[in-house]
Amino acid sequence: MTPVLDPSSFSSVSKCATKHLNLIYHVEFDRRVLKGKVALTVEVLEDKLSSLTLDSKDLKIFKVSANGQAAQFALGTKHKFKGSPLEITLPFELSRGQHVIVEIEYETSPSATALQWLTPTQTAGKKHPYLFSQCQATHCRTMIPCQDSPSVKHTYYAQVSVPRELVALMSALHDGQEPDPSDSSRVIYRFRQPVPMPSYLIAIVVGALESREIGPRSRVWSEKEYVDEAAFEFSETETMLKTAESLAGPYVWGQYDVLVLPPSFPYGGMENPCLTFVTPTVLAGDRSLAGVIAHEISHSWTGNLVTNRTWEHFWLNEGHTVYIERMIARCMESEQLRQFKGIGGWKELQESVKQFGANNVLTNLVPNLHEVDTDEAFSSVPYEKGFALLYHLEELLGGPEVFMGFVKSYIQLFAYGTVTTEEWKNYLFTYFKDKVDILNKVDWNAWMHTPGMAPVKPQYDTTMADACTALCQRWVKAKEEDFASFTEADVKKLNSPQLIEFMALLLQEEPLPLSHVKKMQEVYQLNSVKNAEVRFRWLRICVKAHWEEAVPLALKMATEQGRMKFTRPLFKEVYNFSKYSDEAVKTFKENRGALHPVTAMMVVKDLKING
């Protein structure tokens, strides 16, 4: 394996590697901190090791020891987004192949970016506080001093003390619970994760949670207000898991549970092992849910089992995951649906490239992240440009069955390890050794290292998309005298994914005249649609058309949930309607406390607010 240089981490990943983490947490809701102790079992990778560096950010370090002996430590200069290197001097020298247990007593800061502390009023039940974590990409260091690089994979064990009326869950298997011997008002939950995984997949949640069984290896968890609806919505989980196993090989993580979070969760889903986190916006999603769950299930292989070595190779996680997710759609529904999803993905890629600018190096499939904050680099590029490349290769090399054979073989080869683009590409050439002449014709530099759109636009089957395109064009070309030709039947013929696509197409056109948008509402009653994906696009269309009545609805949707995919564009859309720019800023400031810290940071940049 080539030595790792991870531009997003300070830790000495080439000198030593963490093999196991043992965590003890005391969750303090009143102070909004985790008081903790972590023991890292570290393997030495070079001779004469006498010091090591870990990642930390906003942590208070009390004490460090190595094999039980006190060790000296210092926090280096704080970097604007990477945090402060925790430099530890060992009281002895170690040789290559030896192990050392480094134990650190510390506590987190109330402003730790990995953690969101919710007051009872921010929850569905309104009675108890709630805590959840989101470590991807580089936030684990605000929760644990560690080698916060995906190049390092380790197992973990944890004990978490929480108030008795609450439940703790982690991205690991439940290993029992008992009353806290030091405080009868608290309970200790225990967890074990026997499969090695990177630090960004460590996750914790504490709240008034209930669960329902939804399959032989799955439960759904949420506050009791959502739990029955969630159990109904996630009833296909086992079928999806079995479909994924038929494509990618055995599921190695034992349990596959799903946690429905409070509305401020910033992403659609997060593939924490054994416990996928999902946004509640999928519950009224009517089929958009299937895509989110298929995506997170697919990560059990691509991302969690085979992991990008650094965040510059993030497309290896996401491009393959989107590929498998759409193969699941093909198996469970139809090839036409897979093709249709490809068309939608291309549109998302166009939107990302437009936002970044076609010459922005962050639109490279393999970007250089030296001195780049991973949160600011996050977009649909690794997902959709990555998928477009894999789909292009599938077409060149013999179709979906042939290419899925390669993906499965790639997973088996790199399972439990990490991988770079170069290693992936070398294996592609090895696997298809009889088709090297075809692979040599691919413009690899244009795909990997050139900004902007993918160099080849896939030719997708447009059967499902044609109806969306036709309806979009009818509205774009319509004069007011044509309005009578539109009826409710236009959208009744479309399923949810098609309705979303129709809206997405309208968003790519010049803004519609206000008269058209008002007519659309009158005929289709879109304001009453519950599906979050449809509603989000519809409100953007309304605000773009300068329909003033839509502004409060758009701001309401931007603040009543905090999923970045919805919140950021809605705020931006209102902000760009110059009459309401101040209103957008004011509403954001009033609601900032309820948003996840990463979401709030990105909206501050979107709305050009100072601080």
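We number each residue from 1, going along the chain as drawn.
Quick reminder: no glycine exception, Cβ is built from N, Cα and C everywhere.
All annotation found in TrEMBL is predicted automatically rather than curated by experts.
What TrEMBL says about this protein:
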type	residues	note
BINDING	GLN134, CYS135, GLN136, PRO266, TYR267, GLY268, GLY269, MET270, GLU271, ARG563, MET564, LYS565	peptide binding site
BINDING	HIS295, HIS299, GLU318	Zn(2+) binding site
ACT_SITE	GLU296	active site, proton acceptor
ACT_SITE	TYR383	active site, proton donor
DOMAIN	463-607	domain 'Peptidase M1 leukotriene A4 hydrolase/aminopeptidase C-terminal'
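Residue counts for the domain 'Peptidase M1 leukotriene A4 hydrolase/aminopeptidase C-terminal' (463-607) by DSSP state, with H, G and I taken as helix and E and B as strand, are 116 helix, 0 strand, 29 coil. Confidence in the domain 'Peptidase M1 leukotriene A4 hydrolase/aminopeptidase C-terminal' (463-607), given as mean pLDDT, stands at 93. Sequence-distant neighbours of GLU296 (active site, proton acceptor): residues of the same chain at least 6 apart with a C-beta under 8 Å from its C-beta are GLY269, MET270, GLU271, THR276, VAL278. Spatially close to TYR267 (peptide binding site) yet at least six residues away along the chain are GLN134, PHE277, THR279, ARG563, MET564, LYS565, judged by Cβ distances under 8 angstroms.
Apart from HIS295, HIS299, GLU318, the residues listed for Zn(2+), the same chain places the Cβ atoms of GLU271, GLU296, SER298, THR302, GLY303, ASN317, THR321, VAL322, GLU325, TYR383 within 8 Å of the centroid of those Cβ atoms. Its own atom aside, the Cβ of GLN134 (peptide binding site) has 24 Cβ atoms within 10 angstroms in the protein chains shown. Recorded residues GLU318 (Zn(2+) binding site) and TYR383 (active site, proton donor) have their alpha carbons 5 Å apart, per Cα-Cα distance. Around the Cβ of MET564 (peptide binding site), 20 further Cβ atoms fall within 10 Å across all displayed protein chains. Note on GLU271 (peptide binding site): other Cβ atoms within 10 Å of its Cβ, all shown chains, come to 24.
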